[in-house]
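Visitor: Here it is: the structure, laid out below.
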């Protein structure tokens, strides 16, 4: 048995002493603040006619607002420090406020630190008084020079030795040194803060100017449009039969260049992103008809089909991205408690427009022709181009079933000479059918452009996930806490591992280790091992599946512990628990652990702290289920059923989406799924309960099924390179070391180190690692009771330790597995254990 080398924990401070400590600091702040105000009032109302140490006066009426004592105090300060006497009370007030701001920290007296602070104050006062004497003339109202007696003696001595310029330089250096030591001021932080404030002011002025300029241009455009439309409306009462219809625009002439003669049953030419279908226009007898149909339709089409000028513009960056544009002045700016800058990621490329409205209209015409060849009458209603695919929304003719169009997906892909075509049978809120055709030149979605959006910056959840862009190029941001678990599946090369890395980096760029912690299980030993050493990890990256089973078992135990803690606190979820703890800390109160069991009357329960959200990431849980067996499926089901309110979430990824891996038990408890490209429609139905994933393009193209809906959303996943992951990991390593919980993996040896897929005896190892295992077996054999609570009461140990002992006995053949009613039977013969 290994000897424990843990140092004994310090005795907790009694609650009454903590409360007294807080109140004394508050009282000291009030007293020193009142003293500083009194001194300042005395200095501001100083009068030479009042009595003082530097002169004599016999007046009966004191002019000083602070009274006779204030007159003496002001005279002493002016006599010693001169003009610097005005600064002295301010220094005391600033230092007192700094001490009060740390009132919740335990009091730790350090004589060495107090000496340094006193030395800093002395240097600050002496150098300030000397500078005042050198550069200011003494007025008649002061008893001595502008720097007082101290400033006069030091200033004259330094001026004789170093001249005025040398003396000024020396005293400025001493003043800054004293200010830094006394107030603990970092000039590097001051420079960084000054730069950020300057940048914010510049952005504010620039934004105001941009908004004014855009409003001015919009006003001019509206005025020009009104002037253009005014003659038309005035001429409307004229005889319409004598006027020619208005000349169509260049865009309409291009779209109608190859249009066949209008027939009542023929499909209409697609008008890009227009309103619902209207009957074909035969003639325009009224003079006003062309303007009433063309102009509003062009205005409505602009938000749907993105013109090249609008698509080339980058999305508006978030406030965080704008602030982080300023490069850090010093390498050591990565301090603990800050988040890495988004600028360490690769910037997004300038996207070029590879299409035109004419080319999109041509593809729409070809789509109508090909469907007509297969006996399906449709009309293209609107076109929605995106970075990777373009969606053509078609309106089927009366009597055409959507299933006929869906069955023609492969035939359309062959006819259009593209990789694949996906048919969207139902578009929420529309009567059209979507046909998604890949673009000839695919654009890459960079991870940095998704993180730099205001949608990601405005999310408050510590487990916010940035997935990528939808088919229209808009960012897709979701919250893992609302899922609350995620199932990811896709074949090799579909972008599944890159998608998992993007989710992990989304958490790392959003949360500190106090807000979110990670447990990573990597059977491949390559995908997640790169994150080894970041402070968010609760344990080292798990690569052994025996350790993985114990990590899940610890997660279940932690879930149960949090539920008991929240029930004792009277809250319903982790957010309410953390809010209650923070409110108590701000009020200067301490909430003790209600579940703490005292071993003696002198024991004080520890103070509660906020609990972080825990995310368990499994890169390939198919391999884990093959090695460990059905036990892992039960643990995953328990976590998925109950862990949402406890703040524990699962991200399960696999490249083998078969029914023996993604079982019905797992699917029933994890409704949020994400399907990358798969090889068959059966695999697609296994993941998202419908087809479509087999028609994806790969390389990050996915179907994301949000919680609470059965309609998947097509998302183009953001690309994360290995260099970006390395830079992010190194940035977090500079901010702190990981604080591992040894109970997560050490329990594997106690719970059954001979876990070989489904059997194996771990009895010898358990007896060697746990000194009480033999006593537990002897108690079970003698009492014939295989109860965890009985072993816990008999040996006076914790519940988790007793449960591991019972599980070890089950593996060794001492007791039977748990029956349907939760009980076990002792099958080994009675008597002491050999």
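In case you wondered, yes, glycine gets a Cβ from its N, Cα and C as well.
What Swiss-Prot records for this protein is below:
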BINDING   493, 494, 495, 496, 497, 498  ATP binding site
COMPBIAS  240-272  compositional bias 'Basic and acidic residues'
DOMAIN    473-685  domain 'FtsK'
REGION    238-318  region 'Disordered'
TOPO_DOM  189-834  topological domain 'Cytoplasmic'
TRANSMEM  26-46  transmembrane segment
TRANSMEM  73-93  transmembrane segment
TRANSMEM  118-138  transmembrane segment
TRANSMEM  168-188  transmembrane segment
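A description of the local structural setting of each listed feature is requested, covering burial, neighbours and distances.
Guide: Around residue 493 (ATP binding site), a 10 Å sphere centred on its CB holds 12 further CB atoms from the protein chains shown. Classification of residue 493 (ATP binding site) by DSSP places it in coil, neither helical nor stranded.
Long-range contacts of the transmembrane segment (118-138) within its own chain (CB-CB distance under 8 A, at least 6 residues past either end) are made by residues 80-84, 87-88, 91, 144-148, 150-152, 154-156, 158-159, 164, 167-168, 171-172, 174-175, 177-183.
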Visitor: Go through 496, 497, 498, our binding-site residues, and report the one whose Cβ sees the most other Cβ atoms within 10 Å.
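Guide: Selected residue: 496.
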Visitor: Would you mind listing, in sequence order, the residues at least six apart from residue 495 (ATP binding site) in the same chain with a Cβ closer than 8 Å to its Cβ?
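Guide: Within the chain, residue 495 (ATP binding site) has Cβ neighbours under 8 Å at 676, 677, 698, 699, 700, 701, 702, 717.
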Visitor: Let me check the 10 A CB neighbour count of residue 494 (ATP binding site). How many other CB atoms are there?
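Guide: Its Cβ has 25 other Cβ atoms within 10 Å.
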Visitor: By Cβ distance under 8 Å, which residues at least 6 away from the ends of the transmembrane segment (73-93) in the same chain are close to it?
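Guide: Long-range Cβ neighbours of the transmembrane segment (73-93): 32-33, 35-37, 39-40, 42-43, 45-46, 50, 52-55, 64, 66, 121, 124-125, 128-129, 132-133, 136, 138, 142-152, 182-183.
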Visitor: Within the same chain, and leaving aside 493, 494, 495, 496, 497, 498, name every residue whose CB is within 8 angstroms of the centroid of the CB atoms belonging to the recorded ATP site, in sequence order.
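Guide: Other same-chain residues near the ATP site: 490, 492, 499, 676, 698, 699, 700.
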